[in-house]
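Student: My questions will all concern the structure given below.
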Amino acid sequence: MTSAALITRSTARVRPTARRIVGVIALVVLAILVFYPQLFVIADPTSINVGQRFLPPSFAHPFGTDDAGRDIFSRMVLGARISIGCAIIVVVSAAAVGTVIGAIGGWIGGWFDTLLSKVTDVFLAFPYLVLAMAISAAVGRDLWSAVLALVIVWWPSYARMVRTVVRGQKGELYVKAARTLGASGSQILRWHVIPQTTEQLAVRMTLDVGYVLVSFTGLSFLGLGAQAPSPEWGLMIASAKNYVLNAWWYPFFPGLVILGVVSLCVWLGDGIGAVKTAKKGKAKR
Amino acid sequence: MTNDATLQKSPVRPSRRAGGSGPGARPARGGWLRRLATRILWIFVVVWAAVSLTFVLGRVVPADPARLAAGLNAGPEQVAEVRRQLGLDLPLWDQYLNYLGGILRLDLGDSIQSRQPVLQDILYFLPPTLELVFIAAFTYAVIGVSLGVVWALLPDGFRSKLINVISVIGAALPVFWIGLLLQLAVASGLGWLPVSGTLDYGDYGLARITGFTVLDSLLGGNTYALGDAIAHLILPVTALVVSQLGIALRLTRTTVSAELKKPYVRTARARGESEGKVVIVDVLRNSLAPVITMLGLQFGWLLGGTIIVEVVFSWPGLGLYAFNAFRTFDYNPILGITLVITATFVIVNELTDQIIRWLDPRVKELA
């Protein structure tokens, strides 16, 4: 690679397009929601006021009020931290576990790798949503058992992905060079090989936050995740279940927001994937 | 191009099967008998692992099943008595071996709730669930694949963009939300569809022979019952299909687009073959393997989605049974359901693999 090529690569910038600007703005808004929910809360989300039950959406209550007269908008704002936060915790933990197992297996090889990949295969063959429900129910119905259950069913796809990359890179010249220079196996893995997976990981993790969010709210909907009176989104829809025919807004807005966040993740994942493909194209030229 | 990067990973559990999982990934030596044996062994291993995982996590993590089974008002002696009855005073290892031994004798223990053998309960509740899942899977496959093919054939433009937006939104709709919205829509406008429940056998004097409502109405020769059974299926099936449609759309589209770019398509077109023949006979057939694999994996999602859908629509199947078991910490049903659903899923995936090998001989050569 000539120095000119090196420069092109390092300065290959991501140009702002409408999609990226919208994506960044949406992410910033979500981040503020998660970290500073009090900025958006317009009414006390815990105060029970029977006189205010089932008020339809209005300026005072943009998403209406629920069966206890609480402001649905404010509850959703507070719930963002739980629902999105848990989805992110699940994805990060699953990616961490998967990366470690995949990298170790792919690097060491031999019977140990065979064993690890067989274990991964077994996990990949589970009907994951059902198993997550069963584990979460068996462990005890709370937020953390749902998180644990989802991590257990979610790590294998990361292990598979990282293992493939590591095995591919193992024979590369730069790895041999690093070894010649005296780097230990774990150093080479940490500094050179695992960083090769970051782009793929970024795409996968972005998408997965959306998919985990759907599964997590699904668990909560079944009463396996967050417990009342938490303003977790899936749980809110579950409590709205019995009132759907007289207060359409009660389940409607929480679901709409989940849908929006999931679509955002899929859309951003697509976007990161596209940038990655474009960069690769440039580097080749 | 934006889709291509995600499409290989787009199903909810990305690339679950990429590269082939399990013993099937190895070349099959020693003929079909050996292959069959490995596959069956594989099914057992996966089911064993799922049950063991749930069992161990359920027992190790400190929630006390005996306490829960005995009820809130039980005193310490009663709890101890229940613990002894349920075998929960034994060492974990013995409990585990007892449970596995029970499975071999087809004994999944008793349900605390229904006070009946779990196996009997499951056999009763399984048919309505399978009916829902199979009809949904079939509809999902037909609609998802045909729309995906249409999308691949559309030129870049407004219609193609529109389908793209639909596929992004429809990649993972919360199924419980769709269910509730459907109920709302039906209740407010389309009053002629039942909002929940299933066919009432008593209303038509039908016998419950198979447990599949459509089949039973057919067996009973009652067309009114058949209409009613189908009407009850429409909403739950729609909810299940719509919630994942985006995934089938995207994967079919990528596969078919890639196939359309291959030289043989140009050759076939140059030969003057009709577009329909090129697409349906050549392209579709060559794109089947990834599409069918995806459909098999989505089946696993459908099994989970069904539990949620059954709760929304009060569909009296395994999902509702599971839901009640979840709520009451009824361990034996939870384990039994894990076992049955995992087995169903693994068997379905083995069958899809088999179908692929049968449809596309290239897969066999690759293996």
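Yeah, the Cβs are placed from backbone N, Cα and C, and that goes for glycine too.
Sharing the feature lines straight out of TrEMBL:
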type: DOMAIN; residues: B:126-352; note: domain 'ABC transmembrane type-1'
type: REGION; residues: B:1-28; note: region 'Disordered'
type: TRANSMEM; residues: B:36-58; note: transmembrane segment
type: TRANSMEM; residues: B:132-154; note: transmembrane segment
type: TRANSMEM; residues: B:166-193; note: transmembrane segment
type: TRANSMEM; residues: B:229-252; note: transmembrane segment
type: TRANSMEM; residues: B:291-313; note: transmembrane segment
type: TRANSMEM; residues: B:333-352; note: transmembrane segment
Student: Go through the chain and flag residues at least 6 beyond the ends of the transmembrane segment (B:166-193) whose CB is under 8 A from any CB in it; none is fine as an answer.
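Tutor: For the transmembrane segment (B:166-193), the nonlocal Cβ contacts are 10, 12, 151, 231, 234-236, 238-240, 242-247, 249-250, 253, 305, 308-309, 311-313.
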Student: Same chain, outside the transmembrane segment (B:229-252) by at least 6, Cβ under 8 Å from its Cβ: which residues?
Tutor: 3, 6-7, 10-12, 131-133, 135-136, 139-141, 143-145, 147-149, 151-152, 163, 166-175, 178-179, 182-183, 186, 192-195, 197-199, 213-214, 216-217, 287, 290-291, 294-295, 298, 301-302, 305-306, 309-310, 312-313, 315
Student: Using a Cβ cut-off under 8 Å, which residues of the same chain at least 6 positions beyond either end of the transmembrane segment (B:132-154) come close to it?
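Tutor: Hits for the transmembrane segment (B:132-154): 160, 163-164, 167, 233, 236-237, 240-241, 244-245, 247-253, 256-257, 260, 279, 284, 291, 295, 298-299, 302-303, 306, 309-310, 315, 317.
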